[in-house]
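What TrEMBL says about this one:
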type   : residues : note
REPEAT : 15-56    : repeat 'WD'
REPEAT : 57-88    : repeat 'WD'
REPEAT : 99-140   : repeat 'WD'
REPEAT : 141-182  : repeat 'WD'
REPEAT : 183-224  : repeat 'WD'
REPEAT : 225-266  : repeat 'WD'
REPEAT : 267-299  : repeat 'WD'
Amino acid sequence: VAGNSCSDPTLERHFKGHKGAVTSVDFSCNMKQIATGSVDSCVMIWNMKPQMRAYRFEGHKDAVTSVQFSPSGHMVASASRDKTVRLWVPSIKADSTEFRAHTAAVRCVNFSDDGQTLVTASNDKTIKVWTVHRQKFLFSFNQHANWVRCAKFSPDDRLIVSCSDDKTIKLWDKNSKECIQSFFEHAGYANHVDFHPSGTCIAAASTDSSVKLWDIRTNKMLQHYQVHSGAVNSLSFHPAGNFLITTSSDSTVKILDLLEGKLLYTLHGHQSSVTCVAFSRTGDYFSSGGADEQVMVWKSNFDCIKHCNGVKVQKKGTSTVRPPTSSSMAPFPLNSDPSVLHCQVSTDSNALEHIIGQLDILTQTVSILEQRLTLTEDKLKECLENQVEIGLHLQREEAK
(Lines of atoms letter the chains of each structure in order from A and count residues from 1; the text may use other names and numbers.)
(Lines give C-alpha, C1' and ligand atoms only; values in the text may rest on other atoms or scores of the structure.)
Protein backbone atom coordinates (compact mmCIF):
# COMPACT_ATOMS: atom_id res chain seq x y z
CA VAL A 1 0.00 0.00 0.00
CA ALA A 2 1.42 3.39 -0.97
CA GLY A 3 1.00 5.70 2.02
CA ASN A 4 0.91 4.43 5.58
CA SER A 5 -1.54 6.27 7.84
CA CYS A 6 -4.19 4.79 10.13
CA SER A 7 -6.78 5.35 7.38
CA ASP A 8 -5.08 3.16 4.75
CA PRO A 9 -7.32 0.50 3.20
CA THR A 10 -6.72 -2.93 4.76
CA LEU A 11 -7.07 -6.42 3.29
CA GLU A 12 -9.81 -8.14 5.31
CA ARG A 13 -10.44 -11.45 3.51
CA HIS A 14 -9.36 -13.27 0.41
CA PHE A 15 -11.15 -16.09 -1.37
CA LYS A 16 -9.75 -18.73 -3.69
CA GLY A 17 -11.96 -21.26 -5.47
CA HIS A 18 -12.16 -20.29 -9.13
CA LYS A 19 -10.10 -22.35 -11.59
CA GLY A 20 -9.55 -19.45 -13.97
CA ALA A 21 -9.25 -15.66 -14.04
CA VAL A 22 -11.95 -13.81 -12.07
CA THR A 23 -13.83 -11.52 -14.48
CA SER A 24 -16.46 -9.79 -12.36
CA VAL A 25 -17.36 -9.09 -8.71
CA ASP A 26 -20.34 -7.61 -6.84
CA PHE A 27 -21.59 -7.23 -3.24
CA SER A 28 -25.12 -8.00 -2.08
CA CYS A 29 -26.89 -4.97 -0.56
CA ASN A 30 -26.66 -6.38 2.98
CA MET A 31 -22.93 -7.17 2.65
CA LYS A 32 -23.54 -10.85 3.54
CA GLN A 33 -22.53 -12.24 0.13
CA ILE A 34 -20.16 -11.52 -2.75
CA ALA A 35 -20.81 -12.84 -6.26
CA THR A 36 -17.99 -13.51 -8.72
CA GLY A 37 -17.78 -14.77 -12.29
CA SER A 38 -14.81 -16.45 -13.94
CA VAL A 39 -13.28 -17.78 -17.15
CA ASP A 40 -13.88 -21.25 -15.55
CA SER A 41 -17.62 -20.88 -16.55
CA CYS A 42 -18.73 -20.75 -12.91
CA VAL A 43 -20.50 -18.20 -10.76
CA MET A 44 -19.46 -18.32 -7.12
CA ILE A 45 -21.29 -16.87 -4.11
CA TRP A 46 -18.94 -16.20 -1.20
CA ASN A 47 -20.45 -15.80 2.25
CA MET A 48 -18.85 -13.10 4.36
CA LYS A 49 -19.38 -15.14 7.55
CA PRO A 50 -16.10 -17.10 7.91
CA GLN A 51 -17.77 -20.39 8.89
CA MET A 52 -20.12 -20.44 5.89
CA ARG A 53 -19.08 -22.28 2.74
CA ALA A 54 -19.15 -20.75 -0.74
CA TYR A 55 -21.67 -21.85 -3.40
CA ARG A 56 -20.43 -22.81 -6.85
CA PHE A 57 -23.05 -22.39 -9.60
CA GLU A 58 -22.43 -24.42 -12.74
CA GLY A 59 -24.63 -23.97 -15.80
CA HIS A 60 -22.86 -21.70 -18.27
CA LYS A 61 -21.04 -23.51 -21.08
CA ASP A 62 -18.30 -20.88 -21.50
CA ALA A 63 -16.58 -18.08 -19.55
CA VAL A 64 -18.75 -15.94 -17.27
CA THR A 65 -18.02 -12.31 -18.16
CA SER A 66 -20.22 -10.34 -15.75
CA VAL A 67 -22.20 -10.82 -12.50
CA GLN A 68 -24.49 -8.52 -10.55
CA PHE A 69 -26.83 -8.80 -7.57
CA SER A 70 -30.34 -7.41 -8.02
CA PRO A 71 -30.90 -4.27 -5.90
CA SER A 72 -32.80 -6.35 -3.30
CA GLY A 73 -30.01 -8.96 -3.19
CA HIS A 74 -32.36 -11.90 -3.80
CA MET A 75 -31.16 -12.61 -7.34
CA VAL A 76 -27.85 -12.71 -9.21
CA ALA A 77 -27.59 -12.11 -12.96
CA SER A 78 -24.68 -13.57 -14.92
CA ALA A 79 -23.60 -13.03 -18.54
CA SER A 80 -21.46 -15.44 -20.51
CA ARG A 81 -19.52 -16.05 -23.68
CA ASP A 82 -22.05 -18.85 -24.33
CA LYS A 83 -24.46 -16.06 -25.54
CA THR A 84 -26.81 -16.49 -22.56
CA VAL A 85 -27.78 -14.66 -19.38
CA ARG A 86 -28.78 -16.57 -16.26
CA LEU A 87 -30.73 -15.41 -13.21
CA TRP A 88 -29.79 -17.31 -10.03
CA VAL A 89 -31.24 -17.45 -6.54
CA PRO A 90 -28.06 -17.09 -4.41
CA SER A 91 -28.74 -20.05 -2.11
CA ILE A 92 -27.46 -23.63 -1.84
CA LYS A 93 -30.23 -24.86 -4.21
CA ALA A 94 -28.80 -22.77 -7.09
CA ASP A 95 -32.17 -22.43 -8.89
CA SER A 96 -31.73 -20.52 -12.14
CA THR A 97 -33.46 -19.47 -15.33
CA GLU A 98 -31.54 -19.04 -18.57
CA PHE A 99 -32.29 -17.04 -21.68
CA ARG A 100 -30.46 -16.70 -24.99
CA ALA A 101 -29.73 -12.97 -24.98
CA HIS A 102 -27.53 -12.39 -28.03
CA THR A 103 -26.06 -14.00 -31.16
CA ALA A 104 -22.49 -13.66 -29.78
CA ALA A 105 -20.73 -13.52 -26.41
CA VAL A 106 -22.54 -11.42 -23.77
CA ARG A 107 -19.99 -9.07 -22.17
CA CYS A 108 -22.02 -7.33 -19.48
CA VAL A 109 -25.30 -7.51 -17.56
CA ASN A 110 -26.70 -4.75 -15.33
CA PHE A 111 -29.91 -4.31 -13.29
CA SER A 112 -31.83 -1.04 -13.34
CA ASP A 113 -32.04 0.69 -9.95
CA ASP A 114 -35.68 -0.40 -9.49
CA GLY A 115 -34.72 -4.03 -10.20
CA GLN A 116 -37.36 -4.36 -12.95
CA THR A 117 -35.17 -4.34 -16.07
CA LEU A 118 -31.82 -5.65 -17.29
CA VAL A 119 -29.42 -4.26 -19.88
CA THR A 120 -26.98 -6.56 -21.72
CA ALA A 121 -24.01 -5.74 -23.99
CA SER A 122 -22.55 -8.13 -26.54
CA ASN A 123 -19.95 -8.94 -29.17
CA ASP A 124 -22.85 -8.93 -31.66
CA LYS A 125 -22.46 -5.07 -31.46
CA THR A 126 -25.85 -4.59 -29.77
CA ILE A 127 -27.18 -3.49 -26.39
CA LYS A 128 -30.50 -5.05 -25.35
CA VAL A 129 -33.00 -4.21 -22.63
CA TRP A 130 -35.14 -6.94 -20.97
CA THR A 131 -37.74 -7.27 -18.25
CA VAL A 132 -36.51 -9.24 -15.22
CA HIS A 133 -39.91 -10.93 -14.91
CA ARG A 134 -40.15 -13.58 -17.67
CA GLN A 135 -37.01 -12.09 -19.31
CA LYS A 136 -39.06 -10.44 -22.04
CA PHE A 137 -37.06 -8.59 -24.72
CA LEU A 138 -38.04 -4.90 -24.85
CA PHE A 139 -35.74 -3.15 -27.36
CA SER A 140 -32.14 -2.88 -28.57
CA PHE A 141 -29.59 -0.21 -29.52
CA ASN A 142 -27.65 -1.02 -32.69
CA GLN A 143 -25.39 1.94 -33.45
CA HIS A 144 -22.03 0.59 -32.27
CA ALA A 145 -19.74 -0.60 -35.07
CA ASN A 146 -17.78 -3.16 -33.01
CA TRP A 147 -18.02 -5.34 -29.87
CA VAL A 148 -19.83 -3.69 -26.95
CA ARG A 149 -17.83 -4.20 -23.75
CA CYS A 150 -20.08 -2.67 -21.11
CA ALA A 151 -23.53 -1.09 -20.61
CA LYS A 152 -24.92 0.48 -17.42
CA PHE A 153 -28.12 2.19 -16.32
CA SER A 154 -27.98 5.70 -14.83
CA PRO A 155 -29.02 5.98 -11.14
CA ASP A 156 -32.46 7.30 -12.19
CA ASP A 157 -32.82 4.57 -14.91
CA ARG A 158 -33.48 7.19 -17.63
CA LEU A 159 -30.17 6.77 -19.46
CA ILE A 160 -27.82 3.95 -20.47
CA VAL A 161 -24.09 4.39 -21.04
CA SER A 162 -22.12 1.93 -23.20
CA CYS A 163 -18.57 1.51 -24.48
CA SER A 164 -17.31 -0.38 -27.51
CA ASP A 165 -14.19 -1.48 -29.39
CA ASP A 166 -15.29 1.07 -32.03
CA LYS A 167 -13.58 3.62 -29.68
CA THR A 168 -16.82 5.35 -28.70
CA ILE A 169 -18.73 5.76 -25.46
CA LYS A 170 -22.41 6.35 -26.13
CA LEU A 171 -25.25 7.74 -24.03
CA TRP A 172 -28.72 6.41 -24.81
CA ASP A 173 -32.12 7.71 -23.77
CA LYS A 174 -34.19 4.75 -22.55
CA ASN A 175 -37.54 6.41 -23.35
CA SER A 176 -36.84 7.86 -26.81
CA LYS A 177 -34.54 4.87 -27.58
CA GLU A 178 -32.03 7.21 -29.24
CA CYS A 179 -28.31 7.85 -28.91
CA ILE A 180 -28.09 11.34 -27.39
CA GLN A 181 -24.30 11.72 -27.15
CA SER A 182 -21.06 10.05 -28.29
CA PHE A 183 -17.66 10.51 -26.62
CA PHE A 184 -14.62 9.46 -28.62
CA GLU A 185 -11.51 7.61 -27.42
CA HIS A 186 -8.48 8.26 -29.62
CA ALA A 187 -5.62 6.06 -28.40
CA GLY A 188 -7.45 2.97 -27.13
CA TYR A 189 -11.01 1.87 -26.37
CA ALA A 190 -12.90 1.76 -23.07
CA ASN A 191 -13.12 -1.57 -21.24
CA HIS A 192 -15.59 -0.35 -18.64
CA VAL A 193 -17.93 2.62 -18.07
CA ASP A 194 -20.16 3.69 -15.20
CA PHE A 195 -22.23 6.58 -13.90
CA HIS A 196 -21.24 8.74 -10.95
CA PRO A 197 -23.81 8.24 -8.11
CA SER A 198 -25.15 11.77 -8.82
CA GLY A 199 -25.99 10.71 -12.40
CA THR A 200 -24.32 13.85 -13.80
CA CYS A 201 -20.97 12.32 -14.83
CA ILE A 202 -19.55 9.15 -16.36
CA ALA A 203 -16.15 7.52 -15.97
CA ALA A 204 -14.37 5.29 -18.48
CA ALA A 205 -11.50 2.83 -17.96
CA SER A 206 -9.42 2.64 -21.13
CA THR A 207 -6.93 0.28 -22.77
CA ASP A 208 -4.58 3.27 -23.23
CA SER A 209 -4.03 3.10 -19.41
CA SER A 210 -6.09 6.27 -18.77
CA VAL A 211 -9.21 7.01 -16.74
CA LYS A 212 -11.46 9.81 -18.01
CA LEU A 213 -14.49 11.54 -16.48
CA TRP A 214 -17.06 13.51 -18.49
CA ASP A 215 -19.87 15.80 -17.38
CA ILE A 216 -22.90 14.57 -19.36
CA ARG A 217 -24.73 17.90 -18.96
CA THR A 218 -22.02 19.93 -20.75
CA ASN A 219 -20.38 16.95 -22.60
CA LYS A 220 -17.00 18.29 -21.40
CA MET A 221 -14.16 16.18 -20.05
CA LEU A 222 -13.79 16.91 -16.33
CA GLN A 223 -10.75 14.86 -15.36
CA HIS A 224 -8.12 12.72 -17.03
CA TYR A 225 -5.92 10.40 -14.96
CA GLN A 226 -2.80 8.72 -16.33
CA VAL A 227 -1.82 6.78 -13.19
CA HIS A 228 -1.62 3.16 -14.45
CA SER A 229 1.13 1.59 -16.54
CA GLY A 230 -1.20 -0.95 -18.21
CA ALA A 231 -4.73 -1.15 -19.61
CA VAL A 232 -7.40 -0.10 -17.08
CA ASN A 233 -9.90 -2.95 -16.81
CA SER A 234 -12.54 -1.83 -14.34
CA LEU A 235 -13.66 0.98 -12.04
CA SER A 236 -16.14 1.64 -9.24
CA PHE A 237 -17.40 4.88 -7.65
CA HIS A 238 -17.67 5.23 -3.87
CA PRO A 239 -21.44 5.63 -3.13
CA ALA A 240 -20.82 9.16 -1.76
CA GLY A 241 -19.15 10.04 -5.09
CA ASN A 242 -15.86 11.40 -3.70
CA PHE A 243 -13.60 8.45 -4.59
CA LEU A 244 -13.05 6.21 -7.61
CA ILE A 245 -11.31 2.83 -7.56
CA THR A 246 -9.58 1.57 -10.70
CA THR A 247 -7.94 -1.77 -11.56
CA SER A 248 -5.37 -2.50 -14.23
CA SER A 249 -3.33 -5.08 -16.09
CA ASP A 250 -0.33 -3.53 -14.27
CA SER A 251 -1.42 -5.68 -11.21
CA THR A 252 -2.50 -2.70 -9.10
CA VAL A 253 -5.68 -1.28 -7.61
CA LYS A 254 -5.68 2.53 -7.31
CA ILE A 255 -7.89 4.87 -5.32
CA LEU A 256 -8.45 8.34 -6.79
CA ASP A 257 -9.62 11.34 -4.78
CA LEU A 258 -12.04 13.03 -7.19
CA LEU A 259 -12.43 16.21 -5.14
CA GLU A 260 -8.70 16.89 -5.12
CA GLY A 261 -8.09 15.34 -8.52
CA LYS A 262 -5.22 13.14 -7.39
CA LEU A 263 -4.08 9.58 -6.75
CA LEU A 264 -4.62 8.64 -3.10
CA TYR A 265 -3.49 4.99 -2.80
CA THR A 266 -1.90 2.22 -4.83
CA LEU A 267 -2.67 -1.32 -3.59
CA HIS A 268 -0.39 -4.23 -4.50
CA GLY A 269 -2.27 -7.42 -3.62
CA HIS A 270 -2.78 -9.36 -6.83
CA GLN A 271 0.02 -11.27 -8.55
CA SER A 272 -1.08 -10.40 -12.08
CA SER A 273 -3.70 -8.38 -13.98
CA VAL A 274 -6.54 -7.04 -11.78
CA THR A 275 -9.69 -7.50 -13.83
CA CYS A 276 -12.59 -6.23 -11.71
CA VAL A 277 -13.53 -4.14 -8.68
CA ALA A 278 -16.69 -3.08 -6.82
CA PHE A 279 -17.51 -1.01 -3.75
CA SER A 280 -20.05 -2.39 -1.27
CA ARG A 281 -23.38 -0.51 -1.18
CA THR A 282 -22.24 1.63 1.80
CA GLY A 283 -18.68 2.09 0.57
CA ASP A 284 -17.18 0.60 3.75
CA TYR A 285 -15.63 -2.26 1.75
CA PHE A 286 -14.51 -2.97 -1.78
CA SER A 287 -13.60 -6.20 -3.52
CA SER A 288 -11.17 -6.91 -6.37
CA GLY A 289 -10.68 -9.96 -8.59
CA GLY A 290 -7.79 -10.90 -10.84
CA ALA A 291 -6.19 -13.20 -13.38
CA ASP A 292 -4.47 -14.84 -10.36
CA GLU A 293 -7.90 -16.46 -9.59
CA GLN A 294 -8.10 -14.57 -6.28
CA VAL A 295 -10.92 -12.48 -4.84
CA MET A 296 -9.82 -9.92 -2.26
CA VAL A 297 -12.02 -7.97 0.15
CA TRP A 298 -10.64 -4.67 1.45
CA LYS A 299 -11.88 -2.36 4.21
CA SER A 300 -11.96 1.19 2.82
CA ASN A 301 -11.30 2.94 6.17
CA PHE A 302 -12.94 6.14 4.92
CA ASP A 303 -14.97 7.80 7.69
CA CYS A 304 -18.53 8.18 6.44
CA ILE A 305 -20.04 11.03 8.45
CA LYS A 306 -23.80 11.32 8.19
CA HIS A 307 -25.44 14.74 8.09
CA CYS A 308 -29.07 15.66 7.68
CA ASN A 309 -28.18 17.31 4.35
CA GLY A 310 -26.22 14.41 2.87
CA VAL A 311 -22.82 12.79 3.36
CA LYS A 312 -19.30 14.03 3.81
CA VAL A 313 -16.36 11.71 3.42
CA GLN A 314 -13.43 12.39 5.72
CA LYS A 315 -9.98 10.93 6.02
CA LYS A 316 -9.15 10.07 9.62
CA GLY A 317 -7.17 12.74 11.44
CA THR A 318 -7.60 15.36 8.70
CA SER A 319 -10.11 18.04 7.84
CA THR A 320 -12.90 17.42 5.32
CA VAL A 321 -11.49 16.86 1.83
CA ARG A 322 -12.04 19.98 -0.34
CA PRO A 323 -10.93 20.79 -3.89
CA PRO A 324 -7.59 22.65 -3.80
CA THR A 325 -7.56 26.26 -5.03
CA SER A 326 -4.89 25.56 -7.66
CA SER A 327 -5.32 22.15 -9.27
CA SER A 328 -4.56 20.88 -12.74
CA MET A 329 -7.80 18.91 -12.47
CA ALA A 330 -11.20 20.57 -12.78
CA PRO A 331 -13.03 20.68 -9.42
CA PHE A 332 -15.46 17.79 -9.36
CA PRO A 333 -19.12 18.90 -9.51
CA LEU A 334 -20.96 16.87 -6.91
CA ASN A 335 -24.71 16.86 -6.69
CA SER A 336 -25.55 17.81 -3.11
CA ASP A 337 -28.99 16.25 -3.39
CA PRO A 338 -29.14 13.84 -0.41
CA SER A 339 -31.45 11.52 -2.36
CA VAL A 340 -28.46 10.25 -4.36
CA LEU A 341 -26.32 9.57 -1.29
CA HIS A 342 -27.68 6.32 0.11
CA CYS A 343 -25.98 6.15 3.51
CA GLN A 344 -28.98 6.00 5.83
CA VAL A 345 -31.79 3.48 5.37
CA SER A 346 -35.02 3.88 7.30
CA THR A 347 -36.92 0.94 8.75
CA ASP A 348 -39.69 1.57 6.21
CA SER A 349 -37.30 1.15 3.29
CA ASN A 350 -35.87 -1.98 4.95
CA ALA A 351 -39.38 -3.45 5.12
CA LEU A 352 -40.01 -2.40 1.51
CA GLU A 353 -36.72 -3.96 0.41
CA HIS A 354 -37.69 -7.20 2.17
CA ILE A 355 -41.05 -7.23 0.34
CA ILE A 356 -39.32 -6.54 -3.01
CA GLY A 357 -36.89 -9.36 -2.21
CA GLN A 358 -39.75 -11.77 -1.53
CA LEU A 359 -41.40 -10.70 -4.82
CA ASP A 360 -38.07 -11.34 -6.60
CA ILE A 361 -38.03 -14.90 -5.24
CA LEU A 362 -41.69 -15.44 -6.21
CA THR A 363 -40.98 -14.13 -9.73
CA GLN A 364 -38.01 -16.46 -10.01
CA THR A 365 -40.01 -19.45 -8.69
CA VAL A 366 -42.91 -18.76 -11.10
CA SER A 367 -40.41 -18.49 -13.97
CA ILE A 368 -38.82 -21.86 -13.04
CA LEU A 369 -42.28 -23.47 -12.69
CA GLU A 370 -43.27 -22.09 -16.11
CA GLN A 371 -40.16 -23.66 -17.64
CA ARG A 372 -40.91 -27.01 -15.97
CA LEU A 373 -44.56 -26.83 -17.10
CA THR A 374 -43.44 -26.21 -20.69
CA LEU A 375 -41.14 -29.26 -20.48
CA THR A 376 -44.01 -31.39 -19.08
CA GLU A 377 -46.34 -30.17 -21.85
CA ASP A 378 -43.72 -31.07 -24.48
CA LYS A 379 -43.30 -34.56 -23.00
CA LEU A 380 -47.08 -35.05 -22.86
CA LYS A 381 -47.39 -33.97 -26.50
CA GLU A 382 -44.64 -36.45 -27.41
CA CYS A 383 -46.45 -39.27 -25.55
CA LEU A 384 -49.76 -38.49 -27.29
CA GLU A 385 -48.07 -38.42 -30.71
CA ASN A 386 -46.42 -41.79 -29.95
CA GLN A 387 -49.79 -43.23 -28.87
CA VAL A 388 -51.44 -42.05 -32.11
CA GLU A 389 -48.58 -43.59 -34.11
CA ILE A 390 -48.86 -46.91 -32.23
CA GLY A 391 -52.66 -46.86 -32.79
CA LEU A 392 -52.23 -46.30 -36.52
CA HIS A 393 -49.57 -49.01 -36.69
CA LEU A 394 -51.90 -51.50 -34.93
CA GLN A 395 -54.76 -50.59 -37.29
CA ARG A 396 -52.51 -51.22 -40.30
CA GLU A 397 -51.40 -54.56 -38.81
CA GLU A 398 -55.04 -55.61 -38.21
CA ALA A 399 -56.02 -54.60 -41.78
CA LYS A 400 -53.39 -57.02 -43.11
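Here the Cβ of each residue, glycine as well, is placed from N, Cα and C on the backbone.
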Remote residues contacting the repeat 'WD' (183-224) - C-beta distance under 8 A, at least 6 residues beyond either end: 149-150, 152-156, 159, 161-171, 230-237, 239-241, 244, 246-248, 250, 256, 258, 261, 329-330, 332-335, 337, 340-341
Non-local residues, at least 6 beyond the ends, that sit with Cβ under 8 Å of the repeat 'WD' (267-299): 1, 9-16, 18-27, 29, 31, 34, 36, 38, 46, 48, 230, 233-240, 243, 245-255, 313, 342-343
Positions whose Cβ lies under 8 angstroms from the repeat 'WD' (99-140), at least six residues beyond its ends: 62, 65-72, 75, 77-85, 87, 146-153, 155-157, 160, 162, 164, 172, 174, 177, 356, 360, 363, 367, 370
For the repeat 'WD' (57-88), distant same-chain residues with Cβ under 8 A (at least six beyond the ends): 20, 23-30, 32-33, 35-45, 94-111, 113-115, 118, 120, 122, 130, 132, 135, 353, 356-358, 360-361, 364, 367
